[in-house]
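Student: Below you'll find the structure I mean.
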């Protein structure tokens with residue numbers, strides 16, 4: 001590589017060294033945020049703070065954090081020392097009618113690709129994929145640039161976090177549900193009585209299947225803040241924010257019971273990840 005040739009990795013490392021994340025905001029055309037109330041907002045020890053909900057412009061300061069994980073997918077194949085192609089709890093099936101085949105997770109044109117197709121396997125109607133770093137994470141800033149599959153019946157792409165040995169907690173950085181064009185952001189947790197609760201928001205994303213967008217979460221003691229393209233969309237605050245270390249997961253869910261069956265003509269289809277970066281506090 002000559003001194004005038006910069007790879008995608010060089011550019012991203014340059015951003016990281018500066019200590020401030022400036023994600024690709026859509027200045028002049030902000031996302032419209034829709035916040036959906038949950039039972040969490042009524043609990044005395046929990047605050048779902050709507051006053052600071054975006055769109056907002058700015059940056060997340062990472063100068064006091066460590067860049068703990070980064071992959072820009074410029075190798076010819078997925079680095080299996082860094083990534084697993086099954087769920088972190090060692091399963092290739094989850095809560096949808098698809099089998100996660102490692103052959104459906106691959107590198108193409110400097111992106112990580114997760115492919116879904118109608119191909120019966122291991123008792124499931126569809127074959128799809130999952131990718132998860134082979135480590136867990138604690139408080140920090142988590143960001144990925146993702147192009148989701150087309151908004152279509154039966155599709156369920158997601159970028160999320162959960163522990164291996166307990167549920168909840170779960171932080172859904174984004175989920176797209178079937179024909180709904182909005183990105184859904186959710187925090188699942190237990191209240192003081194041990195009852196399962198959730199707080200969630202949703203935001204319209206322009207052309208999420210045609211363009212890459214950045215999806216991020218800033219997770220700190222007593223707060224979780226969601227960003228899309230550098231704009232704050234939703235936040236959860238209070239002592240019920242988890243301290244548990246969690247695994248990151250990308251998956252292309254398909255044919256879940258609550259989403260309907262995909263149309264044959266909509267398959268095969270792919271979810272693409274341009275990069276993943278994780279800073280730890």
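Cβ atoms are placed via backbone N, Cα and C, with glycine included.
Summarising the annotation, TrEMBL assigns active site, nucleophile to 170. Feature annotation from TrEMBL assigns active site, proton donor to 175. Sequence annotations record features per position, and here TrEMBL assigns domain 'GH16' to 60-281.
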Student: Which one of these active-site residues has the most other Cβ atoms within 10 Å of its own Cβ: 170, 175?
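Tutor: Going through 170, 175 one by one, the largest Cβ count within 10 Å is at 175.
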Student: Could you pull the average pLDDT for the domain 'GH16' (60-281)?
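Tutor: Computed over the domain 'GH16' (60-281), the mean pLDDT is 97 on the 0 to 100 scale.
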Student: Please state whether DSSP places the residue listed as 'active site, proton donor' in a helix, a strand or coil.
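Tutor: Assignment for the residue listed as 'active site, proton donor' reads strand.
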